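Reading through the structure tokens given below for one structure.
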Ligand SMILES: Nc1nc2c(ncn2[C@@H]2O[C@H](COP(=O)(O)OP(=O)(O)OP(=O)(O)O)[C@@H](O)[C@H]2O)c(=O)[nH]1
Ligand SMILES: C[S@@+](CC[C@H](N)C(=O)[O-])C[C@H]1O[C@@H](n2cnc3c(N)ncnc32)[C@H](O)[C@@H]1O
Ligand code: SF4
Ligand code: SF4
């Protein structure tokens with residue numbers, strides 16, 4: 001599928017829940033997130049129909065996200081079913097890593113090819129502050145388990161926030177040498193917008209400059225299903241360093257993705273207010289209607305976003321509802 005700007009759309013981000021076992025302050029408000037009732041969340045059959053239809057239209061990579069995808073009961077069986085879809089070339093999952101210690105083995109056997117793990121601090125107290133109570137030790141143990149069951153070292157996503165964890169940039173960079181992880185630094189996106197959120201903003205340019213002050217960096221070419229990350233490597237390091245300039249960046253011209261939320265809302269762009277409700281094509285199943293709706297999402301996909309780290313306003317959503 002190509003959109004009106006000639007971009008090839010081959011990547012679906014499919015959210016399976018908007019519930020989470022952590023509450024990162026940049027992603028969810030402390031309280032007051034509307035919980036999706038059981039009937040509002042798509043069943044695995046409905047999610048599968050969306051995946052199957054998308055793949056028949058040219059989607060080759062599906063990333064499972066949430067909320068926290070691993071808290072959804074029955075997730076492994078669903079992933080196993082997805083991985084058997086003819087035409088699906090790549091199945092990946094983004095997780096906070098809290099349950100990986102227990103679940104990495106079954107995820108690997110279910111056919112998940114790659115894990116991205118969100119980890120914003122290597123200091124237990126800062127980690128607990130950012131995640132409002134998360135256990136750093138469990139996530140680090142989960143990263144080790146993932147490798148021990150056969151996964152390549154997970155990609156680590158770090159949202160960099162000035163005054164919160166920007167002092168740890170070089171510690172994370174070291175993981176590319178000591179543990180072989182790809183570490184991606186993500187610009188903080190103003191979605192929750194608590195009082196004074198502007199103070200957290202730090203640009204990808206500044207992050208790279210701070211790293212380049214200490215290490216020589218070589219640029220790495222993107223792969224076919226590459227996401228928005230711009231990648232570098234310290235010569236000789238096994239892992240790479242990525243920068244995701246979600247706010248300042250210019251990767252919209254290469255955008256390859258659409259999104260579907262756990263409630264069946266399809267979005268052409270992470271930040272767009274336009275949503276298409278797929279539920280009428282799922283209850284009862286209407287594969288033709290679904291095909292038309294998905295084609296329309298691609299055809300009307302916006303060119304990019306207009307968000308900035310100063311005057312930005314939009315209707316509120318939480319990343320946990322959309323899946324990042
Ligand atoms: N602005 C913007 N941010 C995105 C987009 N896709 C992912 N992100 C952000 O990038 C960060 C990492 O996302 P991941 O779930 O690891 O996905 P990815 O970077 O596409 O991963 P790969 O498929 O491994 O390249 C998260 O903070 C996402 O919210 C996008 O299309 N636009
Ligand atoms: C919404 S989470 C869902 C998957 C899983 N719970 C996790 O944390 O990896 C997906 C990604 O969105 C990122 N994210 C959430 N809110 C963000 C924000 N305000 N700015 C930048 N990235 C954000 C997270 O760091 C995570 O990498
Ligand atoms: S970023 Fe992921 S782990 Fe953190 S609150 Fe959002 S959904 Fe949960
Ligand atoms: S902001 Fe929208 S158009 Fe730009 S990369 Fe993200 S999803 Fe694609």
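Along the chain as shown, residues are numbered 1 onward.
Glycine too: its Cβ is placed from the backbone N, Cα and C atoms.
When TrEMBL records 13, 63, 94, 257, 258, 259 as binding GTP, the matching candidate from 155, 222 it lists for that site is 155. Neighbour count (other Cβ atoms within 10 Å of the Cβ, all protein chains): 21 for residue 155 (GTP binding site).
Taking the mean position of the Cβ atoms of 20, 24, 27 as the [4Fe-4S] cluster 1 site, the remaining residues of that chain whose Cβ falls within 8 Å of it are 22, 23, 26, 28, 67, 68, 96, 131, 318, 319, 320. Among the binding-site residues 20, 24, 189, no residue has its Cβ under 6 Å from any atom of ligand 4. The binding-site residues close to residue 269 ([4Fe-4S] cluster 2 binding site), defined as a CA atom within 10 A of its CA, are 257, 258 out of 63, 155, 189, 257, 258.
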